[in-house]
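Residues annotated as DNA-binding region in TrEMBL: A:19-38. Taken from TrEMBL, the feature domain 'BPL/LPL catalytic' applies to A:65-256. Look at TrEMBL and you will find A:S90, A:T91, A:N92, A:Q114, A:K185 tagged as biotin binding site.
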2 protein chains.
Amino acid sequence: MKSKLVQLLRENQGFFLSGEKISIELNCSRTAVWKHVNALRKEGYVIEAVSNKGYQLMQNEDLLSKHAILSRVKDNPLFHHIAFYDSVTSTNTIAHKLINEDVKEGVVVVADEQTAGKGRLGRKWASPKRSAIAMSIILKPKLDFRQAPQLTLVAAVAVTRAVKIVTGLELEIKWPNDLLIKGKKVCGILTEMQADSDRIQSIIIGIGLNVNQQHFSEELVDLATSLQKEGDRVFDRAELIAAILKEFTWLYETYITKGFSFIKPLWEAHEITIGKEVVARSASNTKTGIAIGIDEEGVLLLQDDDQDVHRIYSADISFEN
Amino acid sequence: MKSKLVQLLRENQGFFLSGEKISIELNCSRTAVWKHVNALRKEGYVIEAVSNKGYQLMQNEDLLSKHAILSRVKDNPLFHHIAFYDSVTSTNTIAHKLINEDVKEGVVVVADEQTAGKGRLGRKWASPKRSAIAMSIILKPKLDFRQAPQLTLVAAVAVTRAVKIVTGLELEIKWPNDLLIKGKKVCGILTEMQADSDRIQSIIIGIGLNVNQQHFSEELVDLATSLQKEGDRVFDRAELIAAILKEFTWLYETYITKGFSFIKPLWEAHEITIGKEVVARSASNTKTGIAIGIDEEGVLLLQDDDQDVHRIYSADISFEN
């Protein structure tokens, strides 16, 4: 009911909607409308109420709430169950807990803030309150566990397309899980799974996206950016989340029904590593060569000076100048 | 303290040990000895007490308790934390929960009974009270997730060796996770992991071993057996658990420090699939051919009539006659 009310008010932003009109649309009493308006105000929505005119949703800062997201994903066939939190350690950690409680495929964990966001290899990822997107998608595909890294690539394509649609900004994909704007990191994807030797039991795709951050710390300012810094305006996080879920839905269904070969060219179209001379650093060694592509499992292929091709499963990639 | 007392009584089985002797060995009062004896009796130990003689542990049915196991693994460098339960749904499920609570490597979950034991591909595995071993080992190796199936093979070698040492019985290994005696299944291994695209975060090796079952249901009697049925005597489950953990410890350390190539020949020595004409059935297809070996990742290699070699990641194997 609350999410329908948010949707109705948003569709009429800039105009007053009478309590009577709303009560008819929502099929409830005018007293109930008043109660829902007050509940939304407690969540932080600024709703003006004027006698004989009705209610109006005012422009406000980028508020994220379960209802704001639900009102935008109601038609999504896969992702319409949102587990929303004001603040969590990390949305992937919450997703692991939900999986142990046996949740179904398609649950999306969203938090306004992460206090211990996770990056690759135990690194930290900052998701400050009221400005970033921290979300984790739970899926249970019937796939061999060796295919899990492909889903990171599916998610990278989904985020790249959604950001383009909502903001007009072009993201660059850097294997395996970084999304950049002009070389600065704007999004990271952390895919985690529970699996046995036969198949994936469940998979968590964590997406951390810098949306409305205006400032980064001195040590990050040359490495990271946000959509707001690059696009010079504030973006609606709920709209971005819904767009990411929408793009992911059709890409995932294409991937499951037709295979990774249908996703690979979409990924390659935005990728900036392939064809370049790169350094691949892992905990155990460093390899230099030309990134000649990815294989069918999403593994990076690196050709060294002796023309030997190495399969890179896990590494940090930097560019040779 | 209780586990030390069990150990002391077991070492002197057939003899009386005076309360005074025990109190000196355990460095506690004779009243404390009496209290611990009573606590052990509540766990089901039959301990005879005679004035002026002392205490004696009587022969009893195969009782499994935390202390019975702890007294036998106290010198194990890796596995000395036992999480013991009388009855659980499945030890792997408990292990998943413990991992989410951030337990350290080396915890072993043991249960006297599983009410919803898990096999491969969502199948059931029966672990009836007072007769079977149901245990799950928690490890956190720094390995690529593609190496996880190798740990199933390490565990298969460990169980095979431990059973031989304790019972004298020879097990046969059938790829990927079955241990058989004369073609009948006596043990299953279910390896589950939590991982990201870069590495394994934690791995659970679930081992279900039929020890003292005397009867199997009509539908299982031709397919399954127990150590008791094959060896014609009751075996001590705590002794078997400790032996499995001891064998696993050195095999695992060899695997981590020297690599899978040191484990592979030990596995192949007990394996019955390689060299045979087999049918490999998976959900999506059926392949027939000669099982010519496993590769470095533990994947089965099947050569068909056209001499093409197929990599079998997941399948049920049966033998062609």
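Each Cβ is built from the backbone N, Cα and C atoms, and glycine gets one as well.
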Residues A:S90, A:T91, A:N92, A:Q114, A:K185 binding biotin per the record - widest CA separation, whole Å: 20
Secondary structure at A:S90 (biotin binding site), reduced by DSSP to three states: coil
Residue with minimal Cβ packing [other Cβ atoms within 10 Å] among the binding-site residues A:S90, A:T91: A:S90
Chain-internal residues near A:N92 (biotin binding site), provided their CB is under 8 angstroms and they sit 6+ positions away: A:V109, A:K118, A:S136, A:L190, A:E192, A:I204, A:G206
